[in-house]
Amino acid sequence: MAARQQTKHLFVTGGVASSLGKGLTASSLGNLLKARGLRVTMQKLDPYLNVDPGTMNPFQHGEVFVTDDGAETDLDIGHYERFLDTDLNGSANVTTGQIYSSVIAKERRGEYLGDTVQVIPHITNEIKDRIRGMAGRDVDVVITEIGGTVGDIESLPFLEAARQIRHEVGRDNVFFLHVSLLPYIGPSGELKTKPTQHSVAALRQVGITPDAIVCRADRPIPPNVKKKVSLMCDVDEEAVISAVDAPSIYDIPKVLHAEGLDAYVVRRLGLPFRDVDWTQWDELLRRVHDPANRVTIALVGKYVDLPDAYLSVIEALRAGGIANDAGVDVRWVASDTCETPGGAAKALQNVDGVVVPGGFGVRGIEGKLGALRYTRENGIPTLGLCLGLQCMVVEFARNVIGLAGANSTEFDPATPYPVIATMADQMEVVAGRRDMGGTMRLGSYPAILAPETLVHELYGCLEVRERHRHRYEVNNAYRQQLEAAGLVISGTSPDGQLVEFVELPRSVHPFYVATQAHPELRSRPTRPHPLFTGLIRAALLHRCPPIPLDTEPVPTAR
């Protein structure tokens, strides 16, 4: 029997500045390697001291991406899942907080046998265990993105661990990819390489020499500049990759492929590979850049000043557009602007559909309710997600049933009509008697759909699984009243105790649907989520005159 090939490790580092697109570069390379027939998994090492981003301010961190096993992770894990078209788990995101918590717990249990616990070897060994834990019999390549920028104090233990991994598994089994910035200086009309040179020098100071450099720039990089980077940073000229700003993130795999990055990596690591078949990806890009139709979808949210707070929602909308051969123009609507009927009418004027995403806290809630009342009364296709479902129920209770003051106990503990209430197992958290972090209803849970409902039609089955992140639920004491007034409870947990989906009948509204889950987390560009596909289809039909929907099915993964 042939010996199993050693799992290869590819580390992605960043230099000069943050937000260069390390995650997208790593995701796109993973996409290319998978298209070449390799089995790829990915991991993000985050240098912050938080255990996870679950309690971090969305304005600072962006969205929290929840995996099937309930881990609250960095938004880059969402990029990994979408580009690899695979489900990852909590081991895909490692933070300094997790590492130190684990090491300190082991020290308290006496596992270090009286050793003086230090960054080297104890912290670095813990990091290495997490990295090597991603390898396995069914994995050819582990791509590990090291967060932060080379030179940051917080990143040093992760870089040292990566250096040691190379020493332990062999240099032929490890590849270091450095993503750096080539800034353009207007007065001189030049792309400058010096920041990248200093960045690579800083990397060398910790014992790492990059095998390839991805040069980010806002304009094409001339051959003489690439040659200079090659010479001064001591990498092969073919390993200097030009990554100019792309119109769409889904262009990046083709950009990197055209530069030869994937071919260089597989040759350098001695991996077997096949050629990439671009047929289906090209059709996806055609729908991205030259769609047959366009729709405008309003996103009514609390954190619209930072679009990354809703990254997966936006990508799910775009994927729903791809499925319908439609471009999606997102109108960012701060929920506060919709508190009055006039404000909602102005903010939502001429939109073809609305999505009300998740969130926490009372700020902006009355605006979400105002937006939902406007879309319900005016027949505008609407999709509610998590908090969006709760707001749909509150708005319906107030304005259809007539329960004045109906609310969620999250926003008004003294409400006379608590149509949304704290889940039983969350009472101690809300009361402050348990930790807040990592204690919500997290991860993938099943739901049973009601036959002949819109969600049943969209999913095409009666049992589904979706990812969740919430503490509050529809109060069962009001379910009978809600249903009697016309709100359809179209999906529940298998035991019937938790409301998972609500909708209005199509005889009343063309598309008014909400879920307690976060379906955006399971959407892929090549496998759009049915709820978002349905929203975009309804938005196209809502336009006047209706646009013919003669599109082919969305392309599947290569």
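The backbone N, Cα and C atoms fix where each Cβ goes, and this holds for glycine too.
Pulled from Swiss-Prot, these are the features on record:
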| type | residues | note |
| --- | --- | --- |
| ACT_SITE | C386 | active site, nucleophile |
| ACT_SITE | H518 | active site |
| ACT_SITE | E520 | active site |
| BINDING | S18, K192, T193, K194, P195, T196, Q197, K228 | UTP binding site |
| BINDING | D76, E145 | Mg(2+) binding site |
| BINDING | G359, L387, G388, L389, Q390, E410, R471 | L-glutamine binding site |
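Annotated features, which come from Swiss-Prot, shown on the structure.
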residue: S18; record: UTP binding site; DSSP class: coil
residue: K192; record: UTP binding site; DSSP class: coil
residue: Q197; record: UTP binding site; DSSP class: helix
residue: C386; record: active site, nucleophile; DSSP class: coil
residue: E410; record: L-glutamine binding site; DSSP class: coil
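Fewest other C-beta atoms within 10 angstroms, among the binding-site residues S18, T193, T196, Q197, Q390, are seen around S18. Comparing Cα positions, E520 (active site) lies closest to C386 out of the recorded positions K194, C386, L387. Neighbour density for E520 (active site): within 10 A of its CB lie 30 other CB atoms from the protein chains shown. Look at the binding-site residues P195, G359, G388 and count other Cβ atoms within 10 Å of each Cβ; P195 has the fewest. Sequence-distant neighbours of H518 (active site) (same chain, 6+ residues apart, CB-CB distance under 8 A): V66, S312, G358, L385, C386, E466, R467, H468, R469. Nearest Cα neighbour of E410 (L-glutamine binding site) among the listed binding-site residues (E145, K194, P195, T196, Q197): E145.
Comparing the binding-site residues K192, R471 by how many other C-beta atoms lie within 10 angstroms of each C-beta, the top residue is R471. Taken residue by residue with DSSP, E145 (Mg(2+) binding site) is part of a strand. Per Cα geometry, D76 is the residue among the binding-site residues D76, E145, K192, K228 nearest to L387 (L-glutamine binding site). Taking Cβ-Cβ distances under 8 Å and a sequence separation of 6 or more, the neighbours of K228 (UTP binding site) in its chain are T193.
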